[in-house]
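Annotations per TrEMBL:
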- 1-20: signal peptide (SIGNAL)
- 6-29: transmembrane segment (TRANSMEM)
- 36-59: transmembrane segment (TRANSMEM)
- 79-97: transmembrane segment (TRANSMEM)
- 117-138: transmembrane segment (TRANSMEM)
- 158-180: transmembrane segment (TRANSMEM)
- 206-233: region 'Disordered' (REGION)
- 251-275: region 'Disordered' (REGION)
- 365-385: transmembrane segment (TRANSMEM)
- 397-418: transmembrane segment (TRANSMEM)
Amino acid sequence: MLPFALKLVWCVLCTSGTIGSWMTVMALGSSLGSMWASLSFCIGLTVWEGMFCLGMIWRMDPLRMPRAFCVAQTVLMEISIYVLGGLTTSFCIATSLHILKPKKWGDVAASFRWRSIYIIPAVVYPVVASAVQLTLVFKFDAIHPTNDMHCDATGPLWVRLVGHTIPLVLVIPSVYLSLISMRRVVRTLRHVERARCDDNELLRQMRRERRGHKTTEPAELADSASRRQSVDPAEAVTRLDFCLPFFRHPRSSARPPTPGSVKSNGEDYRRTSVASSSFPTFAPIGKPSAEAGDDIATVASPWLEEESNAPTSNTGHEELELDVKTHEEDDEVTYRLGYRERAGTPSKVSHLANVPAYTPQIQRLLVFQVAFPFFLVFTSLSSIIDVAAGRTAPTPFGTHHVVLVTAAWGPALTFGSLQSVRRQIRAAFWRR
């Protein structure tokens, strides 16, 4: 006979694990937007673990249990195993559908909604498996009390073997889904890491080009400045397409042109001028002064309104002014390189920018998916060994007893550390 202390410990572990799994699985379902699977799983787990723990009324001794309770315990525990197996397979399918689309890793709820394909593992499989097992149990009158923790179909012993090996039909699809999911996760993370390295190398190359760029000679700067000062104001306005918004115009006694005159002069110029094939010359960047502030604001405003990506807030102008002060000695080309680098360069992984943020969640889903087929094989291991050894009675303490505890604590240990799950649990307790 098994010691009563072991039975008591097993009962406490199964009860506490079931309570923890209720909180974890329901919180996970709330975060995934899939309450149908979470609620069904928790009900199936409660029936399985509850019928096992009810045996404590008779000190978990099948020889003391009434016949009616033995039959009910055997039937309900068998059905619960098939229901849990079908629901877990549906969860594995949903996990694979979610993992195979890395661009939608942020939209978890879309993958875990009810689909018609889930009818086969969640409904058809439990019904067919239960019908086959219960037919064998009642046909051969296989329920007999033995030295165990709960009643089971033990005479003949191969009936219990059939009941424990029926879930193995789920191993092949589960393993296949696990392998393709693992392969996709590894490839996605490697792609993101490689693309980020390329993106960082582009930034480093831009910095090297900026540091190695030679500034314009002072004589050329002076000559360019003199040529720029001789330009007529009306013509200067028409050349806004070749000037940067932060260009500082020379001071003039005339009032700065109004936006209306700028627009009219620009339209007249576009209608009458002929495009030049020579590359435009750029004026040097001077340090902005207090007197030129109004002029800068007047000329830069139309340009900023046309460019949607340029900074239009006060913070953006402050950054431009800070850059001018820092790079007083640089020419205009160097300044544009610095501005573009700070404004942001297009990333090759922009569509996967948040992939690392979802990695912990994906890892937990993948761990649960990979562990499921191992649990199925481990559950039937003792029955296979007993039948292969030619025993007439089952082993008093087998692998299926270990699975009772791991099934109770597995969801809580796997998903309990997720930030979204902890947030849902805290919110549920705070509302109370």
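Cβ atoms here come from the backbone N, Cα and C positions, even for glycine.
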Does the chain bring the transmembrane segment (397-418) near the transmembrane segment (117-138), so that three or more CB pairs sit under 8 Å (pairs 6 or more apart in sequence)?
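The transmembrane segment (117-138) and the transmembrane segment (397-418): touching, no.
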So if I exclude everything within five residues of the ends of the transmembrane segment (158-180), which remaining residues of that chain have a CB under 8 angstroms from its CBs? That is, six or more out.
78, 81-82, 85-86, 89, 92-93, 95-96, 100, 121, 125, 129, 132-133, 136-137, 140, 142, 152, 366, 369-370, 372-373, 376-377, 379-380, 383-384, 386-387, 394, 400
Cβ under 8 Å, sequence separation of at least 6 from the ends of the transmembrane segment (79-97): give me the contacting residues as numbers and ranges.
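Distant contacts of the transmembrane segment (79-97): 34, 37, 40-41, 44-45, 47-48, 51, 111-112, 115, 117-118, 121-123, 125-126, 129-130, 133, 163, 166-167, 170, 173-174, 177-178, 180-181, 365-366, 368-369, 372, 376, 379, 407.
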